[in-house]
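First the structure, in the form of structure tokens, and then the observations on it.
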């Protein structure tokens with residue numbers, strides 16, 4: 001791998017933080033900040049477009065931080081798909097490993113997220129088809145690389161004025177219990193098996209989330225706005241019914257088996273009665289996504305071939321990803337070792 005030529009950097013203080021960026025990035029202005037860093041929009045003079053520049057907060061604060069930084073960099077570098085956020089540039093002002101403390105990532109600047117769009121307007125069935133088709137097209141690609149998003153929700157789906165969609169923040173989420181507690185959107189879109197640790201989950205946790213998102217686009221309301229884990233599960237089972245004995249017996253968790261078995265029996269509702277007025281094909285697809293048994297839940301590839309997407313589905317234009325080496329996930333390295341790996345990724 002060849003090394004990038006080092007650009008000229010300039011310094012600027014924004015929101016009480018020093019930003020040190022290459023001269024090609026001008027007119028920095030704050031977009032937002034989260035637990036893992038803050039984001040500025042900037043004009044990329046070289047490419048002639050506005051971009052998002054993310055400065056990771058304390059990327060090497062702990063082994064967990066350093067590994068997360070490495071994971072994010074590797075994932076973004078691997079993703080090359082129209083419906084998935086990819087990496088345009090990565091840089092650090094450091095000239096040596098010793099001085100390497102900051103990591104900046106540059107991605108496409110996306111305008112609204114799906115949350116903004118649902119709040120502002122009632123979507124037509126055609127809009128819903130196109131948006132959900134793009135999410136599934138992205139998931140087919142991500143899942144083919146053995147990557148699970150784990151945290152799909154409307155705020156992680158960026159949409160531009162042409163209704164073109166990109167998935168953000170994927171594969172990073174190894175969410176802790178406290179982030180899932182209470183009346184939080186993070187949990188409303190979560191598959192029950194991941195929320196309650198029922199069993200080893202698979203790629204279809206993301207399909208459950210798509211079902212929740214699709215239902216919300218069709219109705220304008222959150223499908224399962226649970227106030228806590230238990231209430232969330234009750235809301236889910238009012239629609240899906242309680243799990244059959246055959247599914248309960250496959251749950252490795254003794255606690256989960258006992259708890260689910262103790263619940264009063266609830267029958268599955270007729271989805272057509274719940275989603276009144278929706279396209280029958282949309283209802284049929286929802287019924288195949290919102291299935292408690294992960295082995296029976298539809299996959300992204302299967303969903304793309306569903307008749308609901310007849311006007312968009314093109315098997316020759318729904319690509320898969322190159323294999324993605326995740327062997328680093330099982331490695332226990334020291335902070336300095338992760339830092340060195342990130343430095344090499346940053347230089348190339």
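Heads up, the Cβ atoms here are built off N, Cα and C, so glycines get one too.
Here the candidates are 36, 70, 183, and Swiss-Prot annotates 183 as phosphotyrosine. Swiss-Prot gives the label phosphothreonine to one of 181, 240, 299, namely 181. Residues within less than 8 Å, Cβ to Cβ, of residue 169 (active site, proton acceptor) and separated from it by at least 6 positions along the same chain comprise 85, 151, 156. Regional average pLDDT for the domain 'Protein kinase' (25-309) in the model is 90.
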